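As recorded in TrEMBL, the features of this protein are as follows:
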REGION    260-291  region 'Disordered'
COMPBIAS  269-282  compositional bias 'Basic and acidic residues'
REGION    303-337  region 'Disordered'
COMPBIAS  305-316  compositional bias 'Basic residues'
DOMAIN    333-440  domain 'Cwf19-like C-terminal'
DOMAIN    455-546  domain 'Cwf19-like protein C-terminal'
REGION    528-550  region 'Disordered'
Amino acid sequence: MLIGMEDKPLRVLACGDVEGRINALFNRVNAIQKKSGQFDLLLCVGEFFGTSEAEAEWEAYKSGAKKAPIHTYILGAASQETVKYFPNSDGCELAENITCLGRRGIFTGASGLQIAYVSGREAQQEPAPSHCFTSKDIIALAAPLLSNSKFRGVDILLTSQWPRGVWQYGNSPETDTKFCGVSSIADLADKLKPRYHFAGLEAVHYERLPYRNHVVLQENAQHVSRFIALASVNNPAKKKYLYAFNIVPMKNMDPAELVKQPQDVTENPYRKPVKDGKKEKPPPSMTGAEEEPVSQFFFDLGQKKPQHQQHHHGRKRQTDGDRPNYPKQPRRPPQPTGPCWFCLASPEVEKHLVISIGTHCYMALAKGGLTPDHVLLLPIGHYQSVVDLASEVVEEMEKYKSAVKKFCKSRAQRCIMFERNYRSQHLQLQVVPVSMEKCSTEDIKEAFMTQAEEQQMELMEIPAHTDLKQIAPPGTPYFYVELDTGEKLFYRIKKKFPLQFGREVLASEALLNIPMRADWRECKCTKEEEEDQAKQMRSDFEPFDFAHED
């Protein structure tokens, strides 16, 4: 979701608890941008929403009367009172330019900037209240990253709570450290080695001296980490609540440049001194998760997963959200992520639906598909939409698209593809084959246009070779359709959008004439039936599957 040139630094603003003072925050951001130019994004830690007096202020942004002046990413609720502002705990767009990241996960921008985050406060009990996280969340976030041997650290870590003991070997914060911070966040910061770690909730500004992530003369030099806690917006004591910095994503940096040590660097506050050159064994909390067999990753037909409350507005795979048993990465590491129904590295993926796995993308049977051959094309790593994809992922996605088109053609079918980048967390390109006998491309195009008009939506026709990035900058909610001729229809989503729109059009009497199958939740079948359909599809698609040849 971030735009960035290869080595051009991103300009980032970080902010402490907003507590509902949204106008004050954005006025300040506007003033800063007037003075020193546009920033790329604003990251808010701690509690974004406040008491009910501030509700009217938020309403203006929610309704679209006001718009955030910058792409703003916020953490989830940190108290019971503010839970009501978040439609779900898995992250979603709350208003134009304002996105809630969710309970925990990894967010990777198009520039390669990698942001790990954990919302709310630590809870001891399970299931945790929705403004809290548990040790399971911490494990699920860290395990897929740590199981990649190339992992060096994340660019940014956002947490609401402080890491316990961050002040050791460093300068002291102006707060009572007796009750400050939690050790699970300290453990996470130690493992993830963020270059910047921001936290809130303590109402003070504290900029710790940078600390090392390696033991001098015993380990190779690594980059330093900086921990910065921020005060709340417009606090009467005028403590600092906004922090501006430039950052080149780690993956684009020259390694020698990355590991330069500043003069005032200190020891790592989270590590006990190492005796006799022996490294301490890491605590079991982070390692246990890596011992699942790799075979779990692929077509795991064994484990039965309970279908829990299907409340996620048309998202496909639902299971009980917080499963800690992250297995190892598949043979080609995808970009790891938080809890997501579609990241291949996630325990939430229903592996038995997978048809084909490439290097950067995979193909799976749609859950509750319109037709038995309705499939999804998805990136293995965590990308929200087509416009966010890295170039090598785009390349492979195109290979999959052309393979599916050839497959459909061999069966006298037209291949219709559509994507909804709205209230979705992970890109799913829906592919629905339609028999050539049934309807022409013109009929399909007309059906989309007519139904859009009926719903007061203007579907634009865009040239076949248009790159969506040109008309939808990252972060823009949109819906688009690609017809078998390569023609594309595009709609920039303003406020609300019918989540099942693409399916409704294809299921309508004018086209497939299966209106009762418009909603995927009405089309559920048993796991056995799904396995049979997937098996059939795998064998039918195999002659066209370039990934199979690898």
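For all residues, glycine too, the Cβ spot is worked out from N, Cα and C.
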Residue counts (helix, strand, coil, in that order) that DSSP gives for the region 'Disordered' (528-550): 21 helix, 0 strand, 2 coil
Per-residue pLDDT averaged over the domain 'Cwf19-like C-terminal' (333-440), given as an integer: 85
Helix, strand and coil totals (DSSP H, G, I; E, B; other) for the domain 'Cwf19-like C-terminal' (333-440): 26 helix, 30 strand, 52 coil
